[in-house]
Amino acid sequence: MKSIVFVALFGLALLAVVCSASEDAHKELLKEVVRAMVVDKTDAVQAGERECRWYLGGCSQDGDCCKHLQCHSNYEWCIWDGTFSK
């Protein structure tokens, strides 16, 4: 009788340890998914910013340059167009 109770308690303890480890693994997986979502969002923002050329970046027309920049006709790089805004 005592051995059956001991085996049952040991089984319950083992089950609790396995469930706890599974829960920790689930939390780590959730953290990785959230981290991946944040990184993907950051990459998407950077990709949108990369669609234009920055100051002194090479260009062939004004549309290649970022906001407040224009393409210099002789040197073909983006320079400030002289405008201000917020």
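Note that Cβ sites are derived from N, Cα and C of the backbone, with glycine treated the same way.
Out of Cys59, Cys66, the record in Swiss-Prot bonds Cys52 through a disulfide to Cys66.
Take the candidates Cys19, Cys71; Swiss-Prot pairs Cys59 in a disulfide bond with Cys71. Taking Cβ-Cβ distances under 8 Å and a sequence separation of 6 or more, the neighbours of Cys65 (disulfide bond) in its chain are Cys52, Arg53, Gly57, Cys59, Cys71, Cys78. The highest number of surrounding Cβ atoms within 10 Å, among the disulfide-bonded residues Cys52, Cys66, Cys71, is found at Cys71. Under DSSP, Cys59 (disulfide bond) is assigned to coil, being neither helix nor strand in the three-state scheme.
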